Amino acid sequence: MMSHPCVSLLGVPVLNPALVPHLAQGQVLLVSDPSPNTDPAKYSESTSATRHQMKGEDAQPQEMASTSFPRASGPSPEFRQHGDSDGKRGSPQNLPIEHHFACKECGDTFRLKVLLVQHQRVHSEEKGWECGDCGKVFRGVAEFNEHRKSHVAAEPQPGPSRALENAAEKREQMEREAKPFECEECGKRFKKNAGLSQHLRVHSREKPFDCEECGRSFKVNTHLFRHQKLHTSEKPFACKACSRDFLDRQELLKHQRMHTGHLPFDCDDCGKSFRGVNGLAEHQRIHSGAKPYGCPHCGKLFRRSSELTKHRRIHTGEKPYACGQCGKAFRQSSSLLEHARIHSGERPYACGECGKAFRGPSDLIKHRRIHSGLKPYECDKCGKAFRRSSGLSRHRRIHSGARRCECSQCGRVFKRRSALQKHQPTHHE
C-alpha cells in the first residue's frame, strides 16, 4: 500500500496551513499499489478514475489523526466540489457522503476531525498566536509568521554614526578600566595612585626635590637625578648610530627611533605619529586646547611643562647652561648646544635646495622660507607678512611708535638694536 503524501502529515502536532485546502478536497484515502498481475495500461486508467472519485468519499475516522491542531478558520467554500449548487459535498457521481464529525454548536459536519476542531474556534473565540510586539492575534501560524516579518523589517538598524559612538564609548570604558585614577583638575588618568600623586604637583606647583648644587627644585626625584648629571657631565647612555650621549635609557630609546623611523604612538584625531607617549600627550592638547601649565608671575599658560620652565627663567633671570669655552650662559640647553657649534665650527643642518648649512634646526627652518616664500607672521594692523617673528616685532613698533633702544651716552633712541649698535661707535671717535 502507498499512502498519499498529505496523510502522513496528519500524525505530526502542527498542521501546515498550506495543506488545509488540499485536505478539504478529500484526498486523504489510501491508494493501492498496482499488483504484479495488473496490466499497467488498465491500472493507469482505473487509477485515474479512482482518484477522481476519492474527492467525494469520506475517510474512515480510524485512519485520521485525532490530534488537535493549533489554528484554523471557518468552513471554506472550497469544500464544495465540482460546482455543487446545493452546497452538498460529493463526487461527480453523487456518491453518498457520511459526515462523521459534527459541530454541536451549529450542526455543520466535516469529513476530518481536524477541520471540526479548527471550525469550533469560531464559536469559542479561542485565541491563537499573539504578537509580542503589537498584541495582534492570529489563528493560523502562517499568518502569524508573515506578520512577524513586518516587525523585523521595521526595526531600526544601527547606522555608521551610532557604531562610531559605540566604539568611542568602548575605548573610554577600556581606558577607565586600565587607568582608574583620574585627576579632578584636568581629567588625565593614571594606572597607579602614585602617578596621580606625582601629576597633582603640576597643578599645585609643589617641587619637593631640591638640587644641592644649584638649588633648582623638581616635582619628581627622577627628574632631580637626571638634572644632577648635568653638573657631573655624566651621560652614560650612548647611541651606537651617532655616538650621541644621553642622561638616561628612556632618552636614548626615544632618540634611537629617529634612526629607525619607528613611531609607535598615533594620534586618534589626525593620525600623526610620535616616538614617545609624552610627545603624543603634548600633541593631543593641540586638539583639546588644554594648557594646564600656568606661569605664577604673569599668568601665561602653556601646553607643556618644559615651555613653562623655560618661560619662568625670563622672570627669574636664571641661565643654568654655561659654555665651557667662553663662559656665556643660556636659559635653554638647546641654545647652549647651538652656541658650542660656534667654537667647533659644526653645521650639521644643511638646506636641500642650496646646500647652505646651519648650526641649529630653527635657523634651517627660517632659511627654507626663502625658497618656499612662506611668511607665516602677519601684522594685524596692515597685513604685512614676515618670515620671522622678530621681523614682525620690529615692524609693530612702527604702528605703536615705541623706541626701546636708547643710547646710554646721549639718550638717543632707535627703533632697532642694529641701528643703536651702528650709532654707539660715534661716541668713541
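Cβ coordinates are placed from backbone N, Cα and C, and glycine is handled just like the others.
As written in Swiss-Prot, here are the features:
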- 34-51: compositional bias 'Polar residues' (COMPBIAS)
- 79-89: compositional bias 'Basic and acidic residues' (COMPBIAS)
- 167-176: compositional bias 'Basic and acidic residues' (COMPBIAS)
- S76: phosphoserine (MOD_RES)
- 31-95: region 'Disordered' (REGION)
- 149-176: region 'Disordered' (REGION)
- 101-123: zinc finger (ZN_FING)
- 129-151: zinc finger (ZN_FING)
- 181-203: zinc finger (ZN_FING)
- 209-231: zinc finger (ZN_FING)
- 237-259: zinc finger (ZN_FING)
- 265-287: zinc finger (ZN_FING)
- 293-315: zinc finger (ZN_FING)
- 321-343: zinc finger (ZN_FING)
- 349-371: zinc finger (ZN_FING)
- 377-399: zinc finger (ZN_FING)
- 405-427: zinc finger (ZN_FING)
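DSSP assignment over the zinc finger (101-123) gives 11 helix, 4 strand, 8 coil. For the zinc finger (181-203), the DSSP counts in helix, strand and coil order read 11 helix, 4 strand, 8 coil. Note on the zinc finger (265-287): residues 254, 257-258, 303-304 of its chain, located 6 or more positions outside it, place their CB under 8 angstroms from a CB of the stretch.
Residues 310, 313-314, 359-360 of the same chain sit 6 or more residues outside the zinc finger (321-343) yet have a Cβ under 8 Å from a Cβ within it.
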